[in-house]
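Colleague: So Swiss-Prot says this about it:
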- 1-22: signal peptide (SIGNAL)
- Cys70-Cys76: disulfide bond (DISULFID)
Amino acid sequence: MFTMKKSLLFLFFLGTISLSLCEQERGADEDDGGEEVKRGIFSLFKAGAKFFGKNLLKEAGKAGAEHLACKAANQC
């Protein structure tokens with residue numbers, strides 16, 4: 001009886017350690033997935049800022065050039 005209890009306790013111990021290792025790996029995989037999402041959101045934000053910045057500077061450049069042409073021709 002004592003031998004059977006020992007072996008059952010040993011199997012329970014091995015199963016617990018195995019389950020613990022699986023949970024740690026699963027947690028590490030979930031953490032890596034979160035980083036990818038963060039990078040994805042950051043790159044999306046970066047691309048949007050670049051697009052709006054480029055268009056905004058282009059429009060500001062046009063307005064500035066028109067204003068300078070107006071001043072040069074004294075038509076303002």
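Using the three backbone atoms N, Cα and C, a Cβ is placed for every residue, glycine included.
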Colleague: Around the C-beta of Cys70 (disulfide bond), how many further C-beta atoms are within 10 angstroms, looking at every protein chain?
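Modeller: Around Cys70 (disulfide bond), other Cβ atoms within 10 Å: 11.
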Colleague: Using DSSP and three states only, what is Cys70 (disulfide bond)?
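Modeller: Reduced to three states, the DSSP call for Cys70 (disulfide bond) is helix.
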